[in-house]
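**Student:** Dropping a structure here in structure tokens format, bear with me for questions.
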Amino acid sequence: MRLVLRRHWAPLLFMWLAHAATGAANALPGGCLLVLASRVGASLRVMGLWFTVKSAAACLLAIVTGFAIPSLPKSRQRLGFLVAANLICAAALLALPMARSLWTSLTLSGVLGAGQSALETADGILVIVLFGSQHSRPVLQSLHLAVALGALSAPALLHQFRNWQPPAAESPPFPVDNIAVSEDTANSTLDSLRLSLCQAPSSDPEAVFNSTVDSLMNYTQSSTASSVSSRSQPTLHLPIFAPFAVVHAAQALAAVGFLALLACRHRLVPPATIKTKLAVVEVEVLLPASVASKPGSLPLWRRRLLVALTVAFYFCFVGVENVFWSFINAYGVCSRLRLTSLNAAFFGGFLAGRCLGVALARCVRPTTLLLADLAACQISLATLCLLAGDFSLDAGAPAWLTSASTAAFGLAVASIYAGGISWLEERLDVTGPLACSWTIGSQLGVSVLPALAGHLLISPSVGPAGVLYLALGGFTAATVCFTGMLTVAQL
């Protein structure tokens with residue numbers, strides 16, 4: 001492990017940086033979706049295509065990368081692939097906030113999803129090849145810790161540049177949304193938006209919600225046009241180019257780092273240890289990827305069934321995880337508890353879980369870790385569903401129990417993604433086309449389950465609790481899938 005770190009600390013550092021930029025890039029659009037929609041003149045329903053196109057492109061590039069990386073045996077070819085993927089992501093991030101048409105925005109979202117998927121799949125393969133089966137576990141957990149840190153930095157970036165104002169005598173150096181609204185008007189508009197989301201009438205709740213959002217966006221567009229034409233000093237600024245530019249700089253820096261390694265002829269090959277009778281001598285041996293990784297010994301039909309169950313497993317649990325990313329705060333506001341701190345509780349537990357996963361991956365087997373995580377998630381979600389009902393507990397109990405259960409779910413779900421990769425790597429050769437299995441399942445889950453949760457949130461027959469019921473059902477299905485994976489692997 002130490003020998004590998006001494007040789008490959010530089011590419012690992014740039015992988016961490018690229019994953020942190022990926023996490024921030026995934027979280028930024030959600031924080032400024034209304035502004036992105038107003039730029040291209042689209043409704044939120046149409047902007048849902050943004051995430052669909054991004055996920056579809058990610059699935060396609062995951063398959064391509066799974067076949068491409070094994071066919072690139074030379075280090076300079078692999079480094080060149082990482083440089084290209086980082087540059088594609090950086091270019092898309094820089095151009096995305098400047099898009100003025102829906103088709104341009106959709107195209108850029110597809111390019112961004114393709115670049116991120118290529119990076120994630122390639123980095124996972126290379127980490128397993130370089131560090132081996134056992135030592136790659138904490139490294140994979142640390143890469144996903146970097147994603148979590150990047151995602152947590154996105155709200156801070158948006159807040160940091162929210163009140164930025166260009167000098168009066170100079171034109172803005174980049175496109176800025178100037179929205180001149182009074183504080184009372186903004187608050188009343190947002191209050192009506194929240195009411196339409198949480199208390200939609202039973203006749204057509206979605207129509208009321210969409211009309212309120214459209215009115216808010218139309219107001220935003222008219223305010224932007226009037227402020228730009230009059231060149232008056234606005235009281236509220238929402239520049240989104242600056243946060244995207246910061247993430248672009250991080251992604252570009254990762255590309256420059258890999259380019260420097262390419263120029264220095266760094267070799268992405270795993271070292272080996274040779275034992276002699278006199279002493280243990282550490283010698284670097286250039287091993288091809290086929291020798292560094294072990295092929296699966298299962299029959300063909302069991303390998304195919306195991307891959308299919310892996311796709312279904314990642315579909316269920318990553319979809320539920322993203323439901324919490326997107327809707328746990330809306331559930332807290334719209335539920336009878338009127339909680340506004342569930343988002344902080346979830347992300348606090350999620351970050352702690354990613355940190356804990358790095359430490360546990362070195363001493364706990366993937367099967368044990370996954371079973372413990374799944375059990376903890378099931379208990380947390382079951383508790384949240386019980387608290388969402390009409391049970392009469394004492395006044396303070398539902399609030400703190402809901403926050404604690406949300407944090408516990410974030411803590412448990414954080415280490416499942418990398419743990420699932422390590423579990424599959426013990427049984428199959430995931431340094432080839434099979435590396436796209438978890439990415440495909442994840443992207444499909446992100447496309448389907450959060451959209452379904454949004455419909456349940458405003459459903460008059462189910463209400464906000466439907467988000468939690470969906471999450472519990474999704475994780476029950478994920479537990480069933482993992483049980484099937486264990487059964488197939490042990491037949």
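Each residue, glycine too, has its Cβ placed from N, Cα and C.
Pasting the feature list from TrEMBL:
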- 1-27: signal peptide (SIGNAL)
- 51-72: transmembrane segment (TRANSMEM)
- 79-99: transmembrane segment (TRANSMEM)
- 240-264: transmembrane segment (TRANSMEM)
- 305-328: transmembrane segment (TRANSMEM)
- 340-361: transmembrane segment (TRANSMEM)
- 368-389: transmembrane segment (TRANSMEM)
- 401-424: transmembrane segment (TRANSMEM)
- 436-458: transmembrane segment (TRANSMEM)
- 470-489: transmembrane segment (TRANSMEM)
**Student:** Are there residues at least 6 beyond the ends of the transmembrane segment (51-72) whose Cβ is under 8 Å from a Cβ of it, and what are they?
**Tutor:** 78, 81, 106-107, 109-118, 120-122, 125-126, 289, 431-436, 439-440, 443-444, 446-447, 450
**Student:** Determine which recorded stretch among 340-361, 368-389, 436-458 has the most C-beta pairs below 8 angstroms with the transmembrane segment (470-489).
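**Tutor:** Answer, by Cβ pair count: 368-389.
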**Student:** Rank 340-361, 368-389, 401-424, 436-458 by Cβ pairs under 8 Å to the transmembrane segment (305-328) and hand me the top one.
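**Tutor:** The stretch with the most contacts is 436-458.
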**Student:** In the same chain, who gets a Cβ under 8 Å from the transmembrane segment (340-361) while lying at least 6 residues past its ends?
**Tutor:** 137-138, 140-142, 144-145, 148-149, 151-152, 324-325, 328-329, 331-333, 369, 402-404, 406-415, 418-419, 422
**Student:** For the transmembrane segment (436-458), give me same-chain residues lying six or more residues beyond its boundaries with a C-beta closer than 8 angstroms to one of its C-beta atoms, as numbers and ranges.
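**Tutor:** Apart from its flanks, the transmembrane segment (436-458) reaches 48, 51-52, 55-56, 58-59, 62-63, 65-66, 113, 117, 120-121, 197-198, 200, 205-206, 209, 307, 310-320, 322-323, 325-327, 330-331, 334, 417, 420-421, 424, 430, 464, 466-467, 469-471, 474.
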